[in-house]
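The next block holds one structure in the form of C-alpha cells; read it before the comments.
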Amino acid sequence: MTKKIAVFPGSFDPFTNGHLDTVKRASRLFDEVVVAAMTNTSKKPLFSSEEKLALISESTAGLPNVKAMAAPKRLTVEFARSIGAQFMIRGIRNVADFGYEADIATVNHDLDPEIETVFLLADKQYDALSSTIIKEVAAFGGDVHRFVPAPVEAALYAKLGDAHQTK
C-alpha cells in the first residue's frame, strides 16, 4: 500500500497554534505530513527560512510523522510532486479563506490532477488567528502565549523586542 504523504504549505511567519492544530489533525489522517515553509514573494518575512524550520520542528517535536522542510521558490504543487506527496493540506478559518483556497485548489488540480487538496476547518478557538495579527500584538508588547507555541513566543519577543516584559 502506498504511503499517504501530505504537504501543509505556508509562510508560517510565525507558526501559530492554529497551524499546529492543523498539523496535529493532519498527522492523524496521513502517514507523513511535511510542513513546507514557503516563500511569499508579496511579504517581507520576520523570520528566515532557517528560523522558521527550527521553530516548526521544535513545535512539532512530539509528532513523529511530521517534518519541516524549506520549499524552494516554485509552485507549491511542483514542490508536493517533487517529494512524492499526493495531498495538500489547507486550513480554513472562515468563508474568505475558503473562497481563496478553493480557487488555488482548482488551479493546483489543473496543474497536477494527482494531488488532492484537503481542507481542514479551523477549530473555533483559532478561527480569528493570523500571523499578521500575532506579530502586531507582539510588537506592541501584548501577550501572545495563547496564540503561538512556546518556542515561537520566545523567538517573537527576541525579534521584536521584549516589550511585554517591561509592563
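Cβ atoms are placed via backbone N, Cα and C, with glycine included.
Features as listed in Swiss-Prot:
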type    : residues                                                                                                 : note
BINDING : SER11, PHE12, HIS19, GLY91, ILE92, ARG93, GLU101, TYR126, ASP127, ALA128, LEU129, SER130, SER131, THR132 : ATP binding site
BINDING : SER11, LYS43, THR76, ARG90                                                                               : substrate binding site
SITE    : HIS19                                                                                                    : site 'Transition state stabilizer'
Among SER11, HIS19, GLU101, SER131, these being the binding-site residues, pick the one whose CA is nearest to that of ARG90 (substrate binding site). GLU101
State, in Å as a whole number, the widest CA to CA span among the ATP-binding residues SER11, PHE12, HIS19, GLY91, ILE92, ARG93, GLU101, TYR126, ASP127, ALA128, LEU129, SER130, SER131, THR132 given in the record. 18
Comparing the Cα of LYS43 (substrate binding site) with the Cα atoms of the binding-site residues ILE92, ASP127, SER131, the shortest distance belongs to SER131
What's the most sparsely packed of the binding-site residues HIS19, LYS43, ARG90, counting other C-beta atoms within 10 A? LYS43
Cα-Cα, HIS19 (ATP binding site) versus THR76 (substrate binding site), nearest Å, comes out at 17
So if I draw a 10 Å sphere around the Cβ of SER11 (ATP binding site), how many other Cβ atoms end up inside it? 18
When DSSP states are folded down to helix, strand and coil, where does SER11 (ATP binding site) land? coil
